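As structure tokens, the structure follows; a few thoughts come after it.
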Amino acid sequence: MSFNHQTIEKKWQKYWLDNHTFKTTEDKDKNFYALDMFPYPSGAGLHVGHPEGYTATDIISRFKRMQGYNVLHPMGWDAFGLPAEQYAIDTGNDPAEFTEKNIATFKRQIQELGFSYDWEREINTTDPEYYKWTQWIFIQLYKKGLAYVDEVAVNWCPALGTVLSNEEVIDGVSERGGHPVIRKPMRQWVLKITEYADRLLEDLEELDWPESLKDMQRNWIGRSEGAEVAFEVENLDHSFKVFTTRPDTIYGATYAVLSPEHELVAAITSEEQAEAVKAYQEQAARKSDLERTDLAKDKTGVFTGSYAINPFNGERMPIWISDYVLASYGTGAIMAVPAHDERDFEFAKQFGLDIKPVIEGGDNTSAYTGDGAHINSGELDGLNKEEGIRRAIELLEAKGIGEKKVSYKLRDWLFSRQRYWGEPIPVITWEDGSMTTVPEEELPLMLPKTEHIKPSGTGESPLANIDEFVNVTDPVTGMKGRRETNTMPQWAGSCWYYLRYIDPKNSDMIADPELLKKWLPVDLYIGGAEHAVLHLLYARFWHKVLYDLGVVHTKEPFQKLFNQGMILGEGNEKMSKSKGNVVNPDDVVASHGADTLRLYEMFMGPLDASIAWSTNGLDGARRFLDRVYRLLVNEDGTLSEKITEQPVGSMEKVYHQTVKKVTDDYETLGFNTAISQMMVFINEGYKSEQLNIDHIRGFVKLLNPIAPHITEELWEKLGGTESITYEAWPVYDESKLVDSEVEIVIQVNGKLKQKATIAKDMDKSEMETFALSLEAVQTAIEGKTVRKVIAVPNKLVNIVAN
């Protein structure tokens, strides 16, 4: 007999919606905030990868409600961004309508999976009542001096008519559409995330996050200590600075390299080299930073025709340009020490430049990067690395040509996009050159509706074409001004959405401070590892700014974070439309049911593992739920006669073991092993002639967070008059986890005569009396004298007789 998942799931989804079952409670003394990374509502709808993380947070939310917590478990939509705009450009449709339609699909799919979201808290980043506060936060950043305009060399994609982030450029072409990308300087809004670099680094220590993820953030921030050194250009009134972590190797600096974009390149390039330098700069502009720093690629470069002077030994150092030096890192210039740096060594070999060892221990076949005594280094000779660095910095500072410095790989956050479908930046530039933010009482600054959202082509956003939006007049002074036409990146709305869920309808502030105190930090945040750096770093940055403003009272937004693994196609390949291996959850819900999909995805393996989808595995998950239903319900839908009010001793131990194991495993997100234990319980249930009703009620509660529909149905059949949602979580009895009886071996002269079940911890004399009373033993010792009886508690009795 199989249960009818379609009827049961529709029935309970309607019940939950009609009864507002998952409306966030506020009346208990414990709070738990379980958050999903909210989705971008694409045209494709949900795929089976989405529900994995959503099911995990849903299990924890349902589990915590039963444990007596107020649970905040919301859902919303990260709905601005490139794909909707690209669709609108391709089809001529309005991105707002497209987005609305996609959200409706996502919401239907999510509701059909039985997730216990409080839909009264639903948010949408494109809702003016939401982005009013995204704009408000931008204004606070501006007031604090953390938002500024700069000319930045950016990834410009002429075909898309926009600037792309480094992550959106792959091998010199746009990730979307494969269009060529070049580097060109443009006026951009930038946020000063670097001001928070040390705090972003230090506060990672306090977080319960995977260590691998913390390391990714540490590497992205990339803090390094060293020195900044000034180099004079020979015969020209110019100098440039380099940052180095190894100022002690300065005597081994035999050439210098500037990035092709360095501001000094034009001024120091000789006439003979001008053509080669210009051609090289154009070539470098077509590469992404990632390609340029690829260690495996051959080094390229061009001599500028000028020389720098080594400030320690006075030697001439040819100045080259090469794309392995980035304008955005350090000072955009390096002193090259080929004897002790792998990249510098390869470059020197390629172009026949001098290699001068200044640390003992190497040979001339490769760069020596180990420690050793300094040589060929004047007064640094004989010192080791640490001493050498310290002394070199003292000498630099004494000569006035350098100083101790901390550098970061982290760059300020390029915040503007030359697109239409994003939050307008609330800034006006006036004809006298001054700049002001839009008065806060006038927020939200609405995104104007327009038919023409093709990029302007000039690098400005399509908003630049809408005169009634762009042109403003100050009502007091009559001065004319222009609104900012860049929009915010998609990251903006997702930087703070977890705060808005706490108080989503507040029109006076982001959220009530008392509610923020009550719910923050987020107790559990689950999402994909692809957001390990950017989203999480940006959200942490904004949170720290809001902390400094007194808006929030915690230093960090997300206390515990977990990355679910990826669900791959059946052949262990990533699911993609082009491979035709995408599994649509709608199909699975129709054929097997939402409970089966949830159970299967949690049973595939550990939550953080990447595992291939298997139709057999899905069938197995359904068979288990059928077995649960068959054990408890008769063909006619009534409760099985096996279920009794009487105690059933044979099931005591496995029941209490199951409560303990499932509770412990849910706490650690070990859902696959929790399910295994529930399978053990059901197997034992089939062997038992009777089932105690309290055991069954407890079991149904344990299964509920994973399979909520079937368990609501079973709960009703067990006499429940309300939803199982707020029933108390089962507790186990420690004393019932151990057996009250044990099986022992009975031997005569070392030969097995019988196995017998006795009370656990029976004392030796009782064991002897028991063994001697057995018929098999009496037969074996008939006519013999018992010489000795050896009893080993809980194990065996051996009777020696002859």
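Quick reminder: no glycine exception, Cβ is built from N, Cα and C everywhere.
Fair warning: this is a prediction, and the values are worked out from it, not measured in the lab.
As recorded in Swiss-Prot:
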type: BINDING; residues: Lys577; note: ATP binding site
type: MOTIF; residues: 39-50; note: motif ''HIGH' region'
type: MOTIF; residues: 574-578; note: motif ''KMSKS' region'
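Across the motif ''KMSKS' region' (574-578), the prediction's mean pLDDT works out to 83. Residues of the same chain lying 6 or more positions beyond the ends of the motif ''HIGH' region' (39-50) and with a Cβ under 8 Å from any Cβ of it are 77-79, 81, 83, 87, 98-99, 102-103, 105-106, 109-110, 490, 566-567, 575, 577, 582-586, 588, 597, 601, 613. Neighbours of the residue listed as 'ATP binding site', defined as other CB atoms within 10 A of its CB across all chains, total 9. The motif ''HIGH' region' (39-50): residue composition by secondary structure is 1 helix, 0 strand, 11 coil, according to DSSP.
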